[in-house]
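This report concerns only the one structure given below.
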């Protein structure tokens with residue numbers, strides 16, 4: 001038979017493969033992993049993954065270069081922005097208590113291809129993020145020894161002047177990652193215990209900073225003589241908020257560990273909310289005392305907290321702060337190494353990634369192959385890449401992930417729930433859903449006014465309007481971020497584009513709100529859908545557009561490599577593909 005163009009049927013079947021969904025098996029509790037983590041364990045893991053370089057490094061950078069004493073306002077705004085993303089994670093963590101985090105959330109709502117890309121993106125996020133934390137930790141440790149490690153390396157290895165690469169290889173950072181990987185491979189209980197020990201010391205140091213900081217506080221440092229409370233104005237506060245967004249990264253470890261939680265439907269939402277509340281409070285209080293101890297313009301951005309106490313003559317306190325910083329960053333590193341192989345495990349279990357990474361050690365009950373392989377890759381990145389490159393890449397990866405999680409919330413909310421039998425015999429939800437209108441349909445009260453939307457099958461209109469919402473959000477953010485000058489538009493054109501994109505965004509929200517949603521009483525749900533996830537999408541895209549074009553180029557190359565892996569392996573070995581084969585062969 002001669003080769004020719006693929007038939008329409010073949011193309012349709014291929015597209016169906018890309019968009020097939022993973023069944024939402026909410027009642028499934030069987031797992032190869034050990035369910036040993038309590039709510040307290042998950043909360044401490046979330047705090048350990050969050051309180052690190054964002055507190056000990058970013059606070060000084062934002063205060064001196066962006067916001068001044070108003071850094072506490074920047075942290076507050078970033079906390080609110082992060083709350084929007086956290087609420088989406090809370091709902092999914094309660095509905096889908098399985099390992100996989102954003103990857104699994106996307107798989108059950110948007111389809112296989114998007115799920116793989118997000119899983120691949122999350123993999124890169126933790127890979128680069130762990131390397132960044134290791135480099136920051138090694139810098140603090142090196143500073144305690146008067147930079148003797150850096151000087152020795154530069155003298156015997158040399159200095160590199162290559163874009164993206166560090167000036168010298170950081171062997172200490174690579175060694176710290178390999179040591180942390182060894183601890184994590186011993187099991188969830190061992191890594192959780194080590195995380196608790198390091199976090200306990202870090203929390204004592206934070207409490208020490210707050211108490212001694214208020215004792216040494218000088219309100220004059222906020223006066224007009226020192227530049228005032230907000231020397232860089234509102235724009236500086238917002239720029240600081242965009243940077244402080246990085247400080248809250250890490251709570252995804254809670255959602256990724258839900259399959260090892262004893263009671264995931266209760267423990268995961270509680271742990272995420274408690275973690276975000278405590279971390280936001282710590283950041284705001286510490287940033288407040290930082291600018292009260294010494295004037296904001298005299299801070300050292302690289303080690304602001306330790307340097308502030310040193311300037312006031314408390315060198316012993318500066319040493320304690322430096323030790324706390326090292327412990328904090330190592331808890332973040334442990335969390336990254338703990339989470340990354342579990343994402344890979346979830347993908348490998350579904351057949352989208354190489355099967356060897358689904359292997360669980362029979363004694364420790366952890367995905368040991370993923371821990372060792374990606375631990376070595378993370379150490380290699382920390383050895384060679386520049387810290388700023390690592391931080392920016394993690395930022396864009398996280399923002400992209402949050403955007404897809406917010407979109408997934410909207411999609412899943414307007415989809416029909418699983419049959420009542422899958423929710424358990426004692427669930428009261430089934431009877432409520434039987435009498436309620438089907439999710440995705442136009443609300444009965446609005447049908448006389450929006451009759452042109454009533455002819456679509458349930459969910460079809462929602463899918464199209466959601467695409468319009470995302471497109472209008474991208475357009476609106478481009479106009480707001482780049483302005484008329486960067487887009488080379490006349491003033492009237494800039495104003496018109498801003499007005500049109502805003503109106504389309506708001507109309508999309510109204511049309512989505514006119515459709516019936518799922519209503520659940522047995523699990524947490526994000527309030528004010530679709531407004532809350534839509535605002536999260538808008539904010540995340542805005543922050544992504546403020547990153548450099550080189551970061552976007554790096555992300556594009558990495559996603560292209562991911563597509564090669566998916567089309568070369570994942571699409572053919574997917575569990576969903578194996579389920580379809582008997583039907584195709586029949």
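Even glycines carry a Cβ here, placed using N, Cα and C.
The shown structure was predicted, so the numbers you read here are calculated from the model rather than taken from an experiment.
Of all ranges given (229-256, 425-452), TrEMBL attaches the label transmembrane segment to 229-256. In this chain, the transmembrane segment (549-569) lies out of contact with the transmembrane segment (316-345); the count of Cβ pairs under 8 Å, excluding pairs fewer than 6 apart in sequence, is fewer than 3.
Per-class residue totals from DSSP over the domain 'Cationic amino acid transporter C-terminal' (524-574), listed helix then strand then coil: 40 helix, 0 strand, 11 coil.
Against the transmembrane segment (229-256), stretch 268-296 shows more Cβ pairs under 8 Å than any other of 102-123, 268-296, 391-412, 464-486, 524-543. If one looks beyond the transmembrane segment (268-296) by at least 6 residues along the same chain, the residues whose Cβ comes under 8 Å of a Cβ in the stretch are 39, 42-43, 45-47, 50-51, 54-55, 59-60, 62-64, 68-69, 71-72, 75-76, 79, 82-83, 86, 89-90, 93-94, 97, 206, 209-210, 213-214, 216-219, 221-222, 226-227, 231, 244, 247-248, 251, 254-255, 258, 261, 304-305, 308-309, 311-312, 524. Nonlocal intrachain contacts for the transmembrane segment (524-543), taken as residues 6+ away from its ends with a CB within less than 8 angstroms of a stretch CB, comprise 81, 84-85, 87-88, 90-91, 94, 242, 245, 269, 395, 399-400, 402-403, 406-407, 409-410, 413, 469-470, 473-474, 476-477, 480-481, 505, 508-509, 512-513, 517. Ranking 40-58, 70-90, 366-385, 391-412, 549-569 by CB pairs under 8 A with the transmembrane segment (102-123) puts 391-412 at the top.
Remote same-chain partners of the transmembrane segment (391-412), defined as residues 6 or more beyond its termini with a Cβ less than 8 Å from a stretch Cβ, comprise 84-85, 88-89, 91-92, 95, 102, 105-106, 108-110, 114, 118, 121-122, 124-125, 128-129, 132, 245-246, 249, 252, 462-463, 466, 470, 512, 518, 526, 529-530, 533-534, 536-537, 540-541, 543-544, 547-548, 551-552, 554-555.
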